[in-house]
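Only one structure is covered here, and it is reproduced in the block below.
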Amino acid sequence: FEFLEGAARGWDEGQTGVAHPKFTFAAVFADLSADEYLQVRDYMSNQKDLDISVNALTKPSGNFLFLIDLLLPRKSDALGYLDNNKPKPVREATAVVFYGTLGHIKEYVVGPLPNPTYHRDVTVERYKEELPINARTVTIGEYALIFKFINEEVFTKLGKIVKESFDVSKEKTLNSFEGMPRGVKSGERQTWISFFRDLSGMYIHPVGLEVLINHESTNASLWSVKRLLYNGQYFDSVEDLIKQYDAGTVTKIMYKPVQNYASLKPKSKPTGLSPQQFYPQGKRFSVKNNNVMYLEWSFAFGLSSLTGMRVFDIRFKGERIAYELSVQEAMSVYGSITPGMILTKFLDSSIGIGRFAHELVRGVDCPYAATYIDTFRYIDVSAPHRFRNSICLFEHNTGRPLRRHFSDFFSNSYGGMVNSALVFRTITAIGNYDYLWDFIFYQSGSVETKVHATGYISSSFNVDGNLKYGHQVAENTIGNIHTHFISFKVDLDVLGVENVFQTKDMKFMNVSLPWMPERYAMVPQLVEAQLKTEKEAALRYDTKTPRYLHIASNRTNRWGHQRSYRLQVVSFTGDSLPETEPEEKSMSWARYKVAITKHKDSEQTSSSLYSQNNMWTPAVDFSKYIEDDESIENQDLVAWVTTGFLHIPHAEDIPNTVTVGNGGGVILRPHNYFDEDPSIHSPDGVYISPGSEGNCENNKMACLAEDACSPVVEPFTYNGFEGTMKFEE
């Protein structure tokens, strides 16, 4: 533990280049505490003129406090505090209220925290217009009414049909899954609901019944059934289906029990244990509040209910590499012949990506010996919820060396270094899909952010024509083709906030050989450019882009090259939605592999809470960030990175999609930032020369048996079901 004690002393006493070495300075980025959530809730509910309910089952016709979240400070204020001893930014929250009585949505700034005394309506300031009520997320209160409506207006009236076709009774029901968006134009709130067997893993048990309900009105008594699809045939009303079913003009679905092929219960009895990881000399990282230290790295962290994982003030060797690295959006576009999927385009931040970060299972979701962190959230609830162990942190041996060389010519030696990195992780289970979000900190000075998808595919009932949109993966079940696009925000500050954007690539040139001028050879040459404006630096997926992309400082390293960090995008995306589609504005960020913009506090996110339910007139249209075409030379730059993959479901996606090959990300790599690879200074390096094979001085592995302590194993606990959604009191 000598290293940890030394690191702690260095942090407390100050290190060269670290402006404010106390853990407390990371608090400007810390998520709201349970007490702060309660203080904001109580303050808002006590404002009688706002007439707000905090009951999670508030009906759409009421005024509901839907969300409370941290309002991040202005960047200039945060940097002034972190670097220049300026006052600490005022701590504030954003409160989102759905005003069913007035037909609009309001966003308020509430502060100061703790103990708020003011609120300010910032809706028009942020979005340049009022937000219509039908742009809101479907709340728990609305879902409760939808389920009641379906039971009374569909299942009860279709009693004979749903009994014969799906074995529905008072004791046995069907589960529902919604298509989105809810309509085809602004103002609509009409949702196709597909039905599935009431089994675990219901998402791959479609039954062949889909219903379109109109719930535009905030008054549930005015809702109606618009259309139905039964076994591939459309009907104008429940009565129309009953009439044709009884007349024998419908191809009937006859119920038969099936084995639950979606079950995740192991089909083989577990025997023995898989390899486990432990720390032979204790953990080399430390966590205090929302701040992490690991070897040469330090960063602050948070978990937004809407966008999920984010880290701030990322420093290596005391120098800030990035101000912010965060998830922004997860989007999927589906193909199908059935209505529940044919128009579906999911924008997960409109539901809440971080909202669904539940407890991580020790030894499966993260290594058993990882450090686990609780989080609190307030979204679509009556009181803040605690999510135990919803973030994990661990140092990970990747199983391959970070670098190595065995010298066999002229002299003999071996030099190498284990690739041991710090992993910061959460997992969000958003409906059928589970996304693993990793931020990885390497000893070479690189940072990687990546996502992997697992969970259940979305499926539809196998009707004529549906095989154009996917493969059959189970009886009467089509796994529908879909895309996964992920938006990341990368706010690099390379030796300050005055940076430029550069590209590098190669081209073959036909050059004369210096010693034989008459002979020519095709030789690769370096091609460099500096892009000057936002439009130049909006690098689209449908065009060839340079392979090296850099955020650079005007300062140089020892060898005269501009010090920079490279953005290396790892992506297997499908095609983005054509711009001719009216919904595309809500996901315009997906056009670009990388887009570089000048930092603005008003351009905080690439998407918004309201994009899903008002795709046609989105509150945030990312393409507008680029339209003003501002200069990006010697400016504070933000890189907006899009990654992801195309998913054509197949038999091996049953019961679950595996993480192998299903993901993407971006790696931030130093490029002439240092004078040499910084990992050469790591205590993990190994060097062996002939005759020194058993010497521990430069090879700790030679004395592993002597230095290792037996692991101390924490008891297994799990509380993950505490934070699941409840649709009744």
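Cβ from N, Cα, C; glycine included.
Because TrEMBL annotations are produced automatically, they should be read as predictions rather than curated entries.
TrEMBL lists ASP348 with the feature active site, proton acceptor. Here the Cβ of ASP348 (active site, proton acceptor) has 25 other Cβ atoms within 10 Å, regardless of which shown protein chain they belong to.
Residues annotated as active site, schiff-base intermediate with substrate in TrEMBL: TYR433. Counting only same-chain residues six or more apart in sequence, the Cβ atoms lying under 8 angstroms from the Cβ of TYR433 (active site, schiff-base intermediate with substrate) belong to SER332, ALA453, THR454, GLY455, TYR456, THR657.
Looking just at the domain 'Copper amine oxidase N2-terminal' (46-118), the mean pLDDT is 97. The domain 'Copper amine oxidase N2-terminal' annotation in TrEMBL covers 46-118.
Among the features that TrEMBL reports, domain 'Copper amine oxidase N3-terminal' is placed at 136-232.
For 276-680, the entry in TrEMBL reads domain 'Copper amine oxidase catalytic'.
Summarising the annotation, TrEMBL assigns 2',4',5'-topaquinone to TYR433.
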Helix, strand, coil residue numbers for the domain 'Copper amine oxidase N3-terminal' (136-232) per DSSP?
30 helix, 29 strand, 38 coil
